[in-house]
Amino acid sequence: MISEAFIPAVTSLGAVALTLGVIIHFVSQKFHVEEDPMVTIINGILPGVNCGACGYPSCNQFAEVLVETKDSSMSCPVGGADLATKLGDTLGIAMAEPKPQIAVLLCQGSNGVARQTAEYLGIQDCWAATQAYVGPKVCKYSCVGLGSCIAYCDFGAMKLENGLVVIDKDLCTGCEACISACPTGVLTMQPKKTERYFIACNSHDKGAAAKKACDAACIACQKCVKVCPEEAIKIDNFLAVIDQEKCNACGKCIEVCPTKINCIRLEHDLKAVKQKQAS
């Protein structure tokens with residue numbers, strides 16, 4: 001049996017709970033805000049990954065702003081052109097077609113290519129490794145190779161191979177979540193093109209030091225700069241940089257690159273190539 005001493009306590013707690021319930025109900029009714037049904041519709045069209053690539057913390061907030069402002073320049077990088085068309089048709093406006101981008105790793109310093117400082121046995125996290133010391137590789141600008149960025153990719157587009165992050169171009173949506181996860185800034189966003197030449201190096205060390213640290217390092221020799229007919233390449237702080245808007249993928253830069261492992265890479269968007277061949 002429940003002691004009579006507990007009855008007042010139980011009664012008091014019940015009264016408090018009932019009072020709080022009434023207050024909560026009153027407040028919810030008093031301050032209830034009706035949501036525009038169109039926001040719900042737009043939110044249902046969006047991918048729902050809440051990656052933040054659009055500039056808003058969630059898909060729902062993006063939907064709210066889009067419905068309120070009908071700003072045709074707003075875009076969801078993850079959804080691409082198809083989603084832009086759906087949003088435009090639903091809202092009755094002509095949405096600007098987003099320019100597809102893809103995450104690119106500016107490093108080829110895999111195991112056996114990049115010199116190691118020591119065997120790292122600490123926490124398997126890139127930030128932890130670079131805080132403890134320069135990192136497991138001599139080049140402080142390189143891919144640390146512990147895969148912290150992989151956990152931030154909601155699309156399964158990244159994996160580790162031989163001490164480097166590998167990006168699946170077909171799965172990458174350009175959400176940019178991996179960019180902020182990298183402590184060395186070796187990941188960047190570039191336009192998704194049928195053919196793309198880029199400098200697969202992130203080192204800003206002078207030529208001799210860069211070459212000593214990695215067989216695939218750019219040594220800023222300027223040979224690629226001189227041979228480029230479009231003037232699409234320049235040297236910025238001891239590192240060659242290719243302007244993707246000017247580059248016409250002629251390939252002359254690769255022919256003159258003197259590094260042991262060519263620091264200039266050509267990547268094909270195989271899906272786009274097949275579509276081009278079929279048309």
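Yeah, the Cβs are placed from backbone N, Cα and C, and that goes for glycine too.
Quantities reported herein were computed from a predicted structural model and do not represent experimental measurements.
Cross-referencing 6-28, 144-166 with TrEMBL places the feature transmembrane segment at 6-28.
Recorded residues Cys143 ([4Fe-4S] cluster 2 binding site) and Cys54 ([4Fe-4S] cluster 1 binding site) have their alpha carbons 26 Å apart, per Cα-Cα distance. Remark: Cys54 ([4Fe-4S] cluster 1 binding site) has Phe62, Met74, Ser75, Cys76, Pro77 as non-local neighbours, by Cβ distance under 8 Å and separation of at least 6 in sequence. Between the CA atoms of Cys139 ([4Fe-4S] cluster 2 binding site) and Cys51 ([4Fe-4S] cluster 1 binding site) there is a gap of 30 Å, rounded to the nearest whole number.
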